[in-house]
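**Student:** Sharing the feature lines straight out of Swiss-Prot:
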- 25, 26, 85, 296, 365, 372, 373: N(1)-(5-phospho-beta-D-ribosyl)glycinamide binding site (BINDING)
- 118, 159, 164, 165, 166, 167, 168, 169, 199, 200, 201, 202, 207: ATP binding site (BINDING)
- 123-318: domain 'ATP-grasp' (DOMAIN)
- 277, 289: Mg(2+) binding site (BINDING)
């Protein structure tokens, strides 16, 4: 099938089939964007009734780190495209699936392998591409970790080489923190337990996500790189709590950010949207990480852009033209679960939506935890400051409550 020139009808022999590996809140929005273009979507996750399961044509629950189970599901469903949305996947199996011609992996199987592992992407960025990064070292034992901390110096940031949403991430500020940081990283890694990256601490002014799209240029039919306006964000313990767009920054810093994003995404190749995380101080910019898929901080684009990051990703992977134009300054603020319980309810929704320019996304996760992201408030404004105030006010109005 020549995807882009021709799209089929879902649930028919002509269907264009896309399988998402990971069906959380970001995957859910990608599924909705794909379905608006008439794509048949298969959602896969490790637990039942995930947000994306609730809107997909078909849903499956498997251990995606089980290579045999993943291969069997792909052979049964025969998707045209496989779109990884999380880190905990048997990436070697994806490479074998792509090599066998069973499906195309987005953006590529190699890109998925590199970016699911902080070691792979850091070595690519710093050692192959020569991009500015913080000093770093890797360790796979406590003794090696202690030596790495001594080499990098304190304060330093410790992360499992494979984790998401800040899991296992901490800052070592003194010798008293070293053992606790190692133990926390060991508990937080999804796969590849036992290996961490130790990063030197950069005294940055702010962090941004440079959403970068590799998509078709309709004039030439060649792959072209497009940039969204920079997304500013606040993270607590490595997990995003607030984001806004556009982030004010100097012309020099913006150009450096886009140069870095272009180099790393071009090296990864393929089609789709990438979230490139960067540290900025004045006109200086450092590469941090890259995700080859929509980024949690990019939820703000549901309110800010003509096409959200999810629509951009859907169009790009299907070989369709994209438009990353900013429509309005906007912001997002996270709504946490606040309690440990299945099937919670939300009060204050009417009050939240009464905030001028505000909107909500309640993700529909079947189980809440105190610090689990259960929704997000969005808001537009005349400027970023107004949008941030509105988004935070709307988020604060929503009260997760027990349904018992």
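Keep in mind that glycine also has a Cβ here, set from the backbone N, Cα and C atoms.
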**Student:** Nearest to residue 373 (N(1)-(5-phospho-beta-D-ribosyl)glycinamide binding site) in three-dimensional space, by Cα, is which of the binding-site residues 118, 168, 201, 277?
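**Tutor:** Answer for the nearest of the binding-site residues: 168.
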**Student:** Highest CB neighbour count within 10 A among the binding-site residues 25, 85, 207, 277, 296?
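**Tutor:** The residue with the densest Cβ neighbourhood is 85.
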**Student:** Which residue, of the binding-site residues 199, 289, has its CB surrounded by the fewest other CB atoms within 10 A?
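**Tutor:** It is 289 that, of the binding-site residues 199, 289, has the fewest other Cβ atoms within 10 Å.
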**Student:** Select the closest residue to residue 372 (N(1)-(5-phospho-beta-D-ribosyl)glycinamide binding site) from the following binding-site residues, measuring between CA atoms: 168, 199, 207.
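**Tutor:** Closest by Cα distance to residue 372 (N(1)-(5-phospho-beta-D-ribosyl)glycinamide binding site) among the binding-site residues 168, 199, 207: 168.
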**Student:** Could you tell me which of these binding-site residues, 365, 372, 373, has the greatest number of Cβ atoms within 10 Å of its own Cβ?
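**Tutor:** Neighbour-count leader: 365.
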**Student:** Going by DSSP, is residue 373 (N(1)-(5-phospho-beta-D-ribosyl)glycinamide binding site) part of a helix, a strand, or coil?
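**Tutor:** It is in a strand.
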**Student:** Looking only at C-alpha atoms, tell me how far residue 289 (Mg(2+) binding site) is from residue 118 (ATP binding site), rounded to the nearest Å.
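**Tutor:** Given the Cα positions, residue 289 (Mg(2+) binding site) is 8 Å from residue 118 (ATP binding site).
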**Student:** Specify the nearest of the binding-site residues 168, 207, 277 to residue 85 (N(1)-(5-phospho-beta-D-ribosyl)glycinamide binding site), where nearness means the distance between Cα atoms.
**Tutor:** 277
**Student:** Could you measure between residue 207 (ATP binding site) and residue 277 (Mg(2+) binding site) for me? Cα positions, answer in whole angstrom.
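**Tutor:** Cα of residue 207 (ATP binding site) to Cα of residue 277 (Mg(2+) binding site) measures 7 Å after rounding.
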**Student:** Give me the count of other Cβ atoms within 10 A of the Cβ belonging to residue 201 (ATP binding site).
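**Tutor:** There are 16 of them.
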**Student:** Do you know offhand how many angstrom separate residue 365 (N(1)-(5-phospho-beta-D-ribosyl)glycinamide binding site) and residue 168 (ATP binding site) by C-alpha?
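**Tutor:** That separation, Cα to Cα, works out to 22 Å.
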**Student:** Taking the Cβ of residue 164 (ATP binding site) as the centre, how many other Cβ atoms fall within a 10 Å radius?
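**Tutor:** The answer is 20 other Cβ atoms.
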**Student:** Return the member of 25, 26, 277, 296 nearest to residue 164 (ATP binding site) in space, with distance defined Cα to Cα and candidates limited to these binding-site residues.
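**Tutor:** So, spelling it out, the nearest of the binding-site residues is 296.
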